Amino acid sequence: MADIRVAVAGAGGRMGAANIRAIAATPGLKLAAAFDRSGSPSIGKDATVLAGLEASGVPITDDVDVALAAADAVIDFTAPAASVPLAEKTAAKGLIHIIGTTGCSIEDDVAIRASGAKGGRIVKAGNFSLGLNILASLVKQAAAKLAEFDVEIIEMHHNRKVDAPSGTALMLGEAAAAGREISLADHSVRVRDGITGPRVAGTIGFATLRGGTVIGDHTVILAGPSERLELSHIAQDRSLFANGAMKALLWVASQQPGFYTMNDVLGLN
Ligand code: NAD
């Protein structure tokens, strides 16, 4: 079978580079195009050289249509304003679209899901790591069994991250809410400041730390009357997200068009 031709969106970014290295290391995948927003300093540079590999002759373009014309699949770790219209384009062309972008609003997610229903083959995940997705399923189980315990989620990321709480923290919050059969939107406490009063029972709290070059630390605390359970995940290298994205791409290539998550890829549903 011919290699799947992959275009990398946000090729000048940190995850863009990690995805380009992962494509080079994955049998069955071939880097076909790379693009970034117009005005990005990466435009015109050789995509693989920028990712620390040997030259491939694939320049980073700011013409998304040219990039998509050369591709069977797109890997997209960019920004919500880029991923939402890109999902429409990939669906219209029947391309695979792997989305790792975080910070999407509810409306953004509705629009991306709708593209999945219009012929797209989309996998979107707030975190593509295997360990983290296993953690989410443990959190769901623990939140259900320890129904009276207070759930608090702490995350730390590097000082250039622009959204908070992280997509992964929200994903863990969704897992806890699913275990309790409640809606996260109605029960989450995203900020505490000043005289907050006592903790409201049944809420799911978030705390955000930012600093240095931390790739992604997440801890879910389930605090009971005389004991505390802490479930943690530490990302040590961006390659783990990129490798998960490659796994998702290879998996969805043999699925029907639609919208999928990492739970589908890993058989955790
Ligand atoms: P980054 O800022 O290093 O890279 C983002 C890239 O996207 C930049 O090169 C930027 O120019 C580009 N971009 C922005 N708008 C664009 C557009 N319209 N078209 C094409 N390219 C565009 O950020 P990063 O650390 O690589 O993270 C990118 C995203 O991936 C963030 O949302 C981050 O939270 C998310 N992320 C997700 C996972 C996961 O497993 N799902 C893991 C790590 C990071």
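Just so you know, glycine gets a Cβ as well, placed from its N, Cα and C.
Noted in TrEMBL for the protein shown:
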ACT_SITE  H157  active site, proton donor/acceptor
ACT_SITE  K161  active site, proton donor
BINDING   G10, A11, G12, G13, R14, M15, D36, G100, T101, T102, A125, G126, N127, F128  NAD(+) binding site
BINDING   R37  NADP(+) binding site
BINDING   H158, G167, T168  (S)-2,3,4,5-tetrahydrodipicolinate binding site
DOMAIN    4-128  domain 'Dihydrodipicolinate reductase N-terminal'
DOMAIN    131-266  domain 'Dihydrodipicolinate reductase C-terminal'
Give me the non-local Cβ neighbours of H158 ((S)-2,3,4,5-tetrahydrodipicolinate binding site): same chain, 6+ apart in sequence, Cβ-Cβ under 8 Å, ordered along the sequence.
-> R210, G211, G212, T213, V214, I215
Cα distance (Å, whole number) from the residue listed as 'NADP(+) binding site' to G12 (NAD(+) binding site) | 9
Structural state census, the domain 'Dihydrodipicolinate reductase C-terminal' (131-266) (DSSP three-state) | 52 helix, 36 strand, 48 coil
Nearest to D36 (NAD(+) binding site) by Cα distance: which of the recorded positions H157, K161, G167, T168 is it?
-> K161
Cβ-based neighbourhood (8 Å from the centroid) of the (S)-2,3,4,5-tetrahydrodipicolinate site, residues H158, G167, T168 excluded = T102, G126, N127, E155, H157, K161, D163, S166, A169, G216
For the residue listed as 'NADP(+) binding site', which of these recorded positions sit within 10 Å, Cα to Cα: R14, A125, H157, G167?
-> none
Check the Cα-Cα distances from G10 (NAD(+) binding site) to the recorded positions H157, K161, G167, T168 and tell me which is shortest.
-> K161
Under 8 Å by Cβ from A125 (NAD(+) binding site), same chain, sequence gap 6 or more = I99, G100, N133, M171, G244, A248, T261, M262
Given R14 (NAD(+) binding site) and G167 ((S)-2,3,4,5-tetrahydrodipicolinate binding site), what distance in Å do their CA atoms have, once rounded to a whole number?
-> 17
For ligand 1, pick out the recorded positions T101, H157, H158, T168 that have a CB under 6 angstroms away from one of its atoms.
-> T101
So which recorded positions out of N127, H157, K161 end up within 10 angstroms of G167 ((S)-2,3,4,5-tetrahydrodipicolinate binding site), measuring C-alpha to C-alpha?
-> N127
Per DSSP, what is the residue tally for the domain 'Dihydrodipicolinate reductase N-terminal' (4-128) in helix, strand and coil?
-> 48 helix, 29 strand, 48 coil
Comparing the Cα of N127 (NAD(+) binding site) with the Cα atoms of the recorded positions H157, K161, T168, the shortest distance belongs to T168
